[in-house]
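Participant: Look at Swiss-Prot and you will find His132 tagged as active site, backed by sequence analysis. For Cys45, Gly46, Ala47, Gln48, Arg68, Arg76, Ser78, Asp108, Lys109, Gln110, Gly158, the entry in Swiss-Prot reads NADP(+) binding site, with the evidence type sequence analysis. Look at Swiss-Prot and you will find Asp217, Glu389, Glu393 tagged as Mg(2+) 2 binding site, backed by sequence analysis. The Mg(2+) 1 binding site annotation in Swiss-Prot covers Asp217, Glu221, and the record cites sequence analysis as its basis. Feature annotation from Swiss-Prot assigns substrate binding site to Ser414. Positions annotated as domain 'KARI N-terminal Rossmann' by Swiss-Prot, on the basis of sequence analysis: 15-208. As annotated by Swiss-Prot, domain 'KARI C-terminal knotted 1' applies to 209-344, with the evidence given as sequence analysis. Residues annotated as domain 'KARI C-terminal knotted 2' in Swiss-Prot, with sequence analysis given as evidence: 345-486.
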Amino acid sequence: MANYFNTLNLRQQLAQLGKCRFMQRAEFADGCDVLKGKKVVIVGCGAQGLNQGLNMRDSGLDISYTLRKAAITEKRASWQKATDNGFAVGTYEELIPTADLVLNLTPDKQHSDVVKTVMPLMKQGAALGYSHGFNVVEEGQQIRADITVVMVAPKCPGTEVREEYKRGFGVPTLLAVHPENDPKGVGMAIAKAWASATGGDRAGVLESSFVAEVKSDLMGEQTILCGMLQAGSLLCYDKLVAEGTDPAYAGKLIQFGWETITEALKQGGISLMMDRLSNPAKLRAFELSEQLRTLMRPLFEKHMDDIIAGEFSRGMMADWAEDDAKLFGWREETGKSAFENALAFAGKIAEQEYFDNGVVMVAMVKAGVELAFETMVASGIYEESAYYESLHELPLIANTVARKRLYEMNVVISDTAEYGNYLFANAAVPLLREHFMPTLKAGDLGASKAEGQNVDNLALLAANEATRNHPIEKIGQVLRGYMKDMKRIAVGG
């Protein structure tokens, strides 16, 4: 199979990268009626599969799960989760021929085999759904001409999809129809109904394309969402311990610091996050972030270039063919890191202390969010998509670090995200260790006090204006208006 994006001409590539429209609430007035009375069969019962299915059933849809015969006979975890929640479970041969809509919610690595298996069993004119378009865009999966292909991609982990639905809300969502597979012109109606059934229409839905979703999703998760958190955690922990900080305190400051800092980011963007610092610390964080932006821009651009060209996907799929040898090796290295093995700190760290003692962490977040956003937009991705794939998702990923450090983050994210995370972090750590971490001063990280507390009013004014006038802050104000009811997600430190 050929990479679908690379088969398009430049005009088609730009058109699909730039497909982005914020849908009006009125467009979802019919809710999920289009799918009521239809049979929806979900392949896979992981975090997205289970939680989307629970929401869709609660919305009045007929939901069942299909699993491989071995998973059923051996009563594996996927079978256990589906049956424990009262869903009908059957083999591909039993359920796929009855389905009006088949949702492929398995891991990316399994998509090709799943589609090749279920496609011959699907009835004429049925629909196939994805929550991530890697199989279509990067693997170039060819799908039978009579099948409608749609995507609904919640911009949150599956657990949050469920929790927000239960409290009467939802999570921001992207939807798309594959232009090569909409034979009856019903793809948009199906995608809208699916998004509504999961609760996505209550928080805001972007009409996108498979291409835009995949390219922006890969970029966000590799850089700011996962790669920057991994690199920053390893570097900051090592720096603190090398300078005499109690390793247990250092571990807690980093583990819960990302979550606390990005909670402010979620509520009020980069501006609010920076406002949590004292004026001298804010100026220092701004200075450090500018230094990071200059140093790291080539790395961000390389990742975007490799994603656009398909080089990233080729490398990862080659590792699939080697039974994930690189992925498992990098995972093992992370598990042996000093940060991952730091003892728990019994004391309490006040919320403001995370900001006061984590000035460089604030700078890393600011620089990483802005760079990811700018790099995506420069590649033809619209600002709304770039916002969701950078700033919006960061607090959710930081929350996983707070639970069980980097191990939990890498377990929760997809195999695709984990592979890209390691690629980025493996380049970022030596770069920053050599050229950035030695430039830190007293007060940038940890409890040491900064020298001098004088503030230049004009410098502070310029820093505030530069932060607040960044394009991600402007689009963020609009999009956060649709999410103002989202609950705090912090697990606490």
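Heads up, the Cβ atoms here are built off N, Cα and C, so glycines get one too.
Show me how these features fit into the structure around them.
Facilitator: Same-chain residues at least 6 positions away in sequence with a Cβ under 8 Å from that of His132 (active site) are, in sequence order, Asp108, Met151, Ala153, Glu213, Val214, Asp217, Ser414, Thr416.
For Ala47 (NADP(+) binding site), the number of other Cβ atoms no farther than 10 Å from its own Cβ, over all displayed protein chains, is 18.
Glu221 (Mg(2+) 1 binding site) is surrounded by 25 other CB atoms, counting those within 10 A of its CB over all protein chains shown.
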Participant: Below 8 Å Cβ to Cβ and six or more residues apart, same chain only. Which residues does that give for Lys109 (NADP(+) binding site)?
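Facilitator: In sequence order, the residues whose Cβ lies under 8 Å from that of Lys109 (NADP(+) binding site) (at least 6 apart) are Trp320, Asp415, Thr416.
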Participant: Rounded to the nearest Å, what's the C-alpha distance separating Glu389 (Mg(2+) 2 binding site) and Ala47 (NADP(+) binding site)? Just drop the number here, would you?
Facilitator: 19
Participant: Say you check the Cα of Glu393 (Mg(2+) 2 binding site) against those of the binding-site residues Cys45, Ala47, Arg68, Ser78; which is nearest?
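Facilitator: Nearest by Cα distance to Glu393 (Mg(2+) 2 binding site): Ala47.
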Participant: Should His132 (active site) be counted as helix, strand, or coil on the basis of DSSP?
Facilitator: coil
Participant: Give me the Cα-Cα distance between Ser78 (NADP(+) binding site) and Glu221 (Mg(2+) 1 binding site), rounded to a whole Å.
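Facilitator: Roughly 26 Å, rounded to the nearest whole number.
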